[in-house]
Amino acid sequence: MPMLPWLTEPIMFHGDRDRGECMMTEEQCAWKWRWWTDWYSADLVFSLPTVAFFMVAIGIFIIAYVLSAILPTSWKRSRGWRRLLSGTRFLSYTSFHVRGWSTPSIGICLLGAVGLVYFLAMTLGPKPYYWPNTKELSYGNSPPIATRSGYMALACMPFLYVLGTKANFISLVTGISHEKLNVFHNWVAWAMFVLALVHTFPFIIYHEWKGDIVENWEADGMWVTGVIALIAQAWLTFMSIRSIRDRYYEFFKSTHIFFAVVFFIFFFLHCDYILTTWDYFVATGVLYALSWLYSLSRTAFQYGFRHRASLSLDAEQNLSITIETDAEWKPGQHVFLRFLTCGVHALTAHPFTICSSPERTSADDRRKMIFHVKPRGGLTSRLAKLAEKQPNARVAVLLDGPYGGLPVRWGEGFDRTLVIGGGAGAGTTLPLIESYLQKELQGKKDEQFTAIVASRDPAFHSWFVRALEDLAARYSISEAVPGLTVLIHQTNDTAIAVDASSVSNTEDAEKKVHTDTTPEDGAAPSVADIFGVHLKKGRPDLPALARTPLQEKDVTVGLVVCGPSSMVRDVSLVASEAQRGILNGSAAATEVWFHKESFS
């Protein structure tokens, strides 16, 4: 009775390590069975160290995460700790910029360089690359360089799949959200793909020399399954190149899981239970399934299937999505939404950053999860058209999350806080402004909070001011909030019609950043008075604005930016410079913390 296609019978879970009888000389046999070249222990020599390499890297971040949580406050305020912290932040905030393209931070690049050295050393270090076979003498049919690269590629697989999931154990033990791990997901994918190529071509070269390449192709499924897996892997890897992925995002997202499944199945068949190869598939399957089941169970049991999203166009380039829910979240977090009435888009969930606070207006009210989205193509364009055709349309939606959010350090507060949002990222400043309002209502003084938002949309300032009005009404605020300033920058050339009772319009954005406005006696305070709102024309000078709070002596400064990569780059350079100043003792501020969310 035939078994599964392309698998050697009888099927077992682990392959045999029995070398059999060596027909060569004793010296030749000993040379063949050395530590680096023994085919029958290659999984132990190359796969396990690769797993250990990844685990050590994860362990470093675990230690940093635990220390930041358990160290007493007195230690964290010490000069030595802050210098150590500034050193690590310098590595985390500093990157290189070439013609509009930015590298990951120096710290991430250093970690990637260590990985590159490891894989190069393990691949190219041991010799020989090929067996010195002749027509009469054969050490084996698997070139040593192909063997070791294959086992290292196999060991990458569990980490590759885990790094691509939303709820994963790496995020759990390191405190690093899944979206921050995407860079490592991408790099591990490239490492695995290159190793797969190094595994493949030596076999082609060897069997071409031997003259039996066609015979091997037709003999069993080892070659067929390997080629199919490699094609699927190539598709996944090249489609993940940022420029390609961003241009064809909807197509990329809808096909990514399909090709990942194809790759997994045919790679499984290709390995054919050789030695301990199937252990890595079990590990991958279990870890991925746990992540998937966790997300699915949250959607099904925590949120259910009865949520409805209300759609409205606040402006031509701003779509508001409102969901009433009992869910809880924190500022800066995002959820994945699956709209069930959007045709093929119902097959995938899309991430949206929450632009509202989880606070209830009363004990009986449900929380309002609000999203401000700039319609582009695909799903958001379809939702915008639906909102235009049917104002306040309600559509069925499934929730998965929340994920991400601001690190623990944000919750501890800063003496000076600067929050910057640009384009579609402007809405993310609203829950952060709201969190500052809550602190003020609780009596926490001596802090200053500045929010800077910028957009090309002519109607942007209108809906943003309305959002601030809603905040004032929700908290029954009738007087100016101490220490709060909001700067709204209109960056297009369109003339702006401004209601003087709503905002303060200043002509010179460069000379005047903070302007006090005082309402007339007996007049109700406007949004400008309550939030310190100023409407400005032109792009904000972000480096100058970001450096302003850094010049105050003995203060802690928090910088948050969500916007295009150019905006993130400007602020990250300032944050990086500040760390150097703290390290060499020339900085006025005692601590500068930076958090970024970038998009294109």
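Just so you know, the numbers here start at 1 and follow the chain as drawn.
Placement of Cβ uses the backbone N, Cα and C atoms for every residue, glycine included.
Automated prediction, rather than curation, is the source of TrEMBL annotations.
Long-range neighbours of the transmembrane segment (44-71) within the same chain, counting only residues 6 or more positions beyond its ends whose Cβ lies under 8 Å from a Cβ of the stretch, are 35-36, 38, 81, 88, 111, 114-115, 118, 122, 147-148, 151-152, 154-156, 158-159, 170, 173-176, 276, 280, 408-409. Annotation source TrEMBL lists transmembrane segment at 44-71 (among others).
Per TrEMBL, transmembrane segment is recorded for 106-125 (among others).
Sequence-distant contacts of the transmembrane segment (145-163) (same chain, at least 6 residues past either end, Cβ-Cβ under 8 Å): 36, 39, 42-43, 45-48, 50-51, 54, 119, 122-124, 126, 129-130, 169-170, 181-182, 184-185, 188-189, 191-192, 195-196, 198-200, 202-203, 260, 267, 271, 277, 280-281, 283-284, 287-288, 291. The annotation transmembrane segment is assigned in TrEMBL to 145-163 (among others).
Annotated transmembrane segment per TrEMBL: 184-206 (among others), in sequence order.
The transmembrane segment feature in TrEMBL is assigned to 221-244 (among others). Long-range neighbours of the transmembrane segment (221-244) within the same chain, counting only residues 6 or more positions beyond its ends whose Cβ lies under 8 Å from a Cβ of the stretch, are 5-7, 186, 189-190, 192-193, 196-197, 200, 252, 255-256, 259-260, 262-263, 266-267, 269-270, 272, 600.
Listed as Cβ neighbours of the transmembrane segment (256-275) (distance under 8 Å, sequence separation of 6 or more from its ends, same chain) are residues 4-8, 11-15, 17, 40, 42-43, 154, 157, 161, 164, 221-222, 225-226, 228-229, 232-233, 235-236, 239-240, 281, 284. The transmembrane segment annotation in TrEMBL covers 256-275 (among others).
Marked as transmembrane segment by TrEMBL: 281-301 (among others). Outside the transmembrane segment (281-301) by six or more residues, the chain places 157-158, 161-162, 165-169, 264, 267-268, 271, 398-401 with a CB less than 8 A from a CB of the stretch.
Among the features that TrEMBL reports, domain 'FAD-binding FR-type' is placed at 298-409.
Taken from TrEMBL, the feature region 'Disordered' applies to 502-523.
Annotated compositional bias 'Basic and acidic residues' per TrEMBL: 508-517, in sequence order.
Below 8 angstroms of C-beta separation, residues 46, 49-50, 53, 57, 88, 90-92, 94-95, 145, 148-149, 152, 183, 187, 191, 195, 198 of the same chain, each at least six residues beyond the ends of the transmembrane segment (106-125), sit close to that stretch. Note: the domain 'FAD-binding FR-type' (298-409) comprises 25 helix, 46 strand, 41 coil (DSSP; helix = H, G, I, strand = E, B).
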